[in-house]
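Undergrad: Have a look at the structure that comes next, please.
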Amino acid sequence: MAQISKCSSLSAELNESSIISHHHGNLWDDDFIQSLKSSNGAPQYHERAAKLVEEIKNLVVSEMKDCNDDLIRRLQMVDIFECLGIDRHFQHEIQVALDYVYRYWNQLEGIGIGSRDSLIKDFNATALGFRALRLHRYNVSSDVLENFKNENGQFFCSSTVEEKEVRCMLTLFRASEISFPGEKVMDEAKAFTTEYLTKVLTGVDVTDVNQSLLREVKYALEFPWHCSLPRWEARSFIEICGQNDSWLKSIMNKRVLELAKLDFNILQWAHHRELQLLSSWWSQSDIAQQNFYRKRHVEFYLWVVIGTFEPEFSTCRITFAKISTLMTILDDLYDTHGTLEQLKIFTEGVKRWDLSLVDRLPDYIKITFEFFLNTSNELIAEVAKTQERDMSAYIRKTWERYLEAYLQEAEWIAARHVPTFDEYMKNGISSSGMCILNLYSLLLMGQLLPDDVLEQIHSPSKIHELVELTARLVDDSKDFETKKVGGELASGIECYVKDNPECTLEDASNHLNGLLDLTVKELNWEFVRHDSVALCFKKFAFNVARGLRLIYKYRDGFDVSNQEMKTHIFKILIDPLT
């Protein structure tokens with residue numbers, strides 16, 4: 001995103017021969033992508049997976065029959081199916097299990113240890129039940145956690161580190177992440193368990209704690225729920241469970257782990273095919289030969305696939321990666337490689353949807369505009385087929401809003417103007433690009449999206465506004481951390497300090513992080529509350545926001561994709577499980 005700094009690059013004519021990105025180049029050569037070969041899509045693997053699904057369903061029925069600890073066993077089953085990424089095969093079983101648990105759920109006390117009739121309320125079972133029920137949109141109150149405080153109003157634990165207690169604290173930590181605005185007890189639970197679990201990992205007296213459980217604790221602290229996307233979580237938990245010998249003693253658990261590995265590899269094989277189509281599309285385009293922008297089409301594919309991985313959303317994923325690639329080209333053009341006058345002409349060309357308006361601009365800008373029109377028109381035609389109506393006017397209006405926000409930033413830079421924080425955030429939400437990125441993808445998820453439903457999931461809906469705000473805050477917060485080292489200031493930080501001269505840069509950064517924390521809680525609420533929007537649409541938008549938290553966890557993973565981001569790509573997209 002454009003930085004509010006003493007930059008004169010947009011006020012002077014640029015030498016076209018010197019137009020080159022200062023970021024590292026493409027890491028994923030098309031020849032390498034096309035060379036990805038795997039037999040995991042062969043019929044025998046699909047047949048084995050289908051057989052395992054049926055075996056596990058039968059084992060579920062058998063193990064739950066006349067079970068003395070039926071509530072906790074059902075919750076553990078739901079949790080492991082979800083952590084291993086195979087829950088889509090057992091939606092009926094999960095629904096039945098949670099309906100059963102909810103029948104015995106007490107809003108003030110939770111559920112008991114052992115059987116459903118137990119009067120002894122259990123910390124672990126209640127926290128696990130709360131998390132599962134809330135994520136599946138049952139009405140559960142966080143007040144239930146008040147039961148597990150002492151007379152001083154603090155959560156309690158023993159002075160010794162025991163495996164059962166570590167498990168309880170881990171479960172409570174995971175539950176506390178699904179909080180809504182104003183839930184003080186959830187904030188208290190998160191602070192308490194974070195401190196406890198951190199001490200467990202750094203302590204020396206943990207010999208009585210299973211190493212597999214310690215790996216779970218390490219994962220939970222390093223990758224909290226809002227950056228623990230389904231594919232990332234599945235790969236990580238498959239590896240954790242595979243090292244847990246005591247867990248693997250169960251026949252059912254062995255079958256579950258075998259299915260999880262098989263399912264992961266089958267999906268990865270399908271994702272290879274999509275990645276190859278995407279790579280061919282990019283490498284065969286004229287824009288591929290230009291060097292002024294970040295070439296990150298594979299990274300953008302990872303962003304979407306870690307959250308929306310199901311086979312039926314193939315077109316949605318490829319579209320998401322294409323639009324992200326296009327937006328990055330525009331981002332780098334408006335940020336660095338176009339003069340203000342050139343950008344005004346480019347923006348007007350988009351408003352009129354007219355290639356002739358850019359005839360007199362440099363070749364790299366004309367190539368960019370032609371790539372923009374070709375890509376947009378191709379996808380608009382695809383949308384018309386899927387939605388059974390012409391959506392071009394709606395889509396074009398969204399592009400206008402996006403590029404007008406970029407142009408506003410370019411004008412601020414050219415004038416050396418630092419806007420107020422509110423002005424910056426209002427414009428920055430639009431320039432985040434989430435509006436156009438989510439629009440194409442939602443329209444190509446394979447379901448009809450009537451106008452009234454579209455208004456509830458896209459702009460100006462609350463959930464969409466929160467996704468846009470998340471993108472802006474994540475980007476600005478990480479820009480501050482990484483760019484202040486080189487003497488540059490991330491825009492939101494600088495604007496806040498201008499409005500509040502008594503604040504330090506760290507104060508401003510903390511303010512943005514506080515806004516992000518509140519935004520996450522509001523997103524949780526929008527995600528789980530019942531309305532007329534199909535859950536698949538909500539999950540998509542929600543996981544796009546969560547994906548940014550993972551990609552920006554250590555640094556801007558799009559700017560610098562040759563470190564953690566590269567590792568993520570190999571883990572999720574390249575290397576199969578063995």
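Every residue, even glycine, has its Cβ placed from backbone N, Cα and C.
Below are the features listed in Swiss-Prot for this protein:
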type: MOTIF; residues: 331-335; note: motif 'DDXXD motif'
type: BINDING; residues: Asp331, Asp335; note: Mg(2+) 2 binding site
type: BINDING; residues: Asp331, Asp335; note: Mg(2+) 1 binding site
type: BINDING; residues: Asp475; note: Mg(2+) 3 binding site
Undergrad: Which residues, given as numbers and ranges, are at least 6 beyond the ends of the motif 'DDXXD motif' (331-335) yet have a Cβ under 8 Å from it?
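TA: Residues 1-3, 21, 292-294, 343, 346, 365, 368, 403, 406-407, 409-410, 433 contact the motif 'DDXXD motif' (331-335) from elsewhere in the chain.
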Undergrad: For Asp475 (Mg(2+) 3 binding site) and Asp331 (Mg(2+) 2 binding site), determine the Cα separation and express it in whole Å.
TA: 13
Undergrad: Over the span of the motif 'DDXXD motif' (331-335), how high is the average pLDDT in this prediction?
TA: 93
Undergrad: Going by DSSP assignments with H, G and I as helix and E and B as strand, what are the residue counts for the motif 'DDXXD motif' (331-335)?
TA: 5 helix, 0 strand, 0 coil
Undergrad: Just to be sure I understand the packing, how many Cβ atoms besides its own are within 10 Å of the Cβ of Asp331 (Mg(2+) 2 binding site)?
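TA: Within a 10 Å radius of the Cβ of Asp331 (Mg(2+) 2 binding site) lie 18 other Cβ atoms.
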Undergrad: Have a look around Asp475 (Mg(2+) 3 binding site) and count the other CB atoms within 10 A of its CB, chains all included.
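TA: Around Asp475 (Mg(2+) 3 binding site), other Cβ atoms within 10 Å: 21.
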Undergrad: Hey, what's the Cβ neighbour count for Asp335 (Mg(2+) 2 binding site) at 10 Å?
TA: 19
